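Asks: My questions all concern the structure below.
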Amino acid sequence: MKEILPTTERISNMTMWLEVTRIFDFITFVLSTFINGVLLNLIKTASPKHFGNYVYLMMSFLVNSLIFAVIHAFLQPIISTEKYVLFVFTSTNYLEVPRGFMKVLLSVYGTSYSQALVLIAVQFIYRCFSISRRKFLIYFKGRWLFFWYALVGVFGINWGLCIFFIAQENPQVDEILRPLMASSFGLNMSDVFYVAASYEIEDEFKSKVLNWPVIFMIINFASIMGLSLAIIVLCFCFIHYKMQRVTHSKVYEAVQQQLFRALMSQMIIPLVLIYLPIIIVMILPIFHLKNDACMSLTSILISIYPVLDPFAVIMIISVYRQGFLNMFTNHPKTNQISNLEMST
């Protein structure tokens, strides 16, 4: 018979792991702030004119990433599942703000996540038009640009309000999470701030029934994720198809290849770091499968995203890569692509 790890030792080990994740979150926050700040400056100062209003979409995405990174660093959330409950919790409250404010922050955290998904899709739509339907780029200028921002905001607010009003703390979820918090972290529920989607609830007869408001919320979230991912994949395939068949000047073609590789990274990196992890934890409660909250890979992957995505853009697009390297050299170099001008 295997020896059972004593409760006190288990709590000690899990608390140590939690501390490691907190340190990791702090490191990713510092890196994210630096890299996103650098890329924002490069977009503002080094972007060729033919990038057009695409630069505003990139800048909006970076600002959202910074907001996401700040909230993640402050909350240091753990995303996990227990039985039929998907939950996001934190025991970190550095400023000792009221419980209601922590709930608002957790909701805004979800809003920022949703806006990232939609902003990626909008960037792909822009690139799709720039490759094949350039006359449609007028819909990314002036008031139309604010339409896209409003659309992003609507999806984000939708996600955040669902979390705030539906994924609330309640006694039934408390009873499910209480043993987990005590055995894994040595925490009382009074020390924990969480939002949770309980796929099932007990009715007045103590029978398990579907929690329809939560089911609606999950379908809503899955629809947003599915729609944005479908747009990304379809636009990516269309852009690749068109680039194989359209001939441009060598310099312009080089620019398009760089932007295409940047888009490829913006498809693969989010898929691995922010789509699949959340899709998995949304599916687990359906089958009552447990995800170890102490070692939440989902939380770790999400914290990496605001670092890796902008860094990939810097390394792939030559004008940004050269500008980044010039920060560490005394002899700035110019790039012929940066001098290319083309009306949009």
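For all residues, glycine too, the Cβ spot is worked out from N, Cα and C.
Pulled these features from TrEMBL for this protein:
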TRANSMEM  23-43  transmembrane segment
TRANSMEM  55-75  transmembrane segment
TRANSMEM  104-126  transmembrane segment
TRANSMEM  146-167  transmembrane segment
TRANSMEM  214-241  transmembrane segment
TRANSMEM  262-287  transmembrane segment
TRANSMEM  299-320  transmembrane segment
Asks: Give the nonlocal contacts of the transmembrane segment (146-167) in its own chain as ranges (CB under 8 Å, at least six residues past its ends).
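Replies: Tertiary neighbours of the transmembrane segment (146-167) are 57, 60, 103-104, 106-108, 110-115, 117-119, 122, 139-140, 195-197, 213-214, 216-217, 220-221, 224.
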Asks: Test the contact criterion for the transmembrane segment (23-43) and the transmembrane segment (299-320): 3 or more CB pairs under 8 Å, pairs 6 or more apart in sequence, then answer yes or no.
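Replies: Yes, since the transmembrane segment (23-43) and the transmembrane segment (299-320) share at least 3 Cβ pairs closer than 8 Å, they count as touching.
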Asks: Residue list, the transmembrane segment (55-75) vs rest of chain: Cβ under 8 Å, 6 or more residues beyond ends.
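Replies: For the transmembrane segment (55-75), the nonlocal Cβ contacts are 25-26, 28-29, 32-33, 36-37, 39-40, 43-44, 47, 90, 92, 94, 102, 105-106, 108-109, 112-113, 115-116, 119-120, 122-123, 126, 140, 145, 148-149, 152, 302-303, 305-306, 309-310, 313.
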Asks: Same chain only, please: residues at least 6 beyond the ends of the transmembrane segment (262-287) with a C-beta under 8 Å from a C-beta of the stretch. Say none if there are none.
Replies: 79-81, 83-86, 113, 116-117, 120, 123-124, 127, 197, 199, 218, 221-222, 225, 229, 232-233, 236, 239, 297-298, 301-302, 304-305, 308-309, 312-313, 316-317
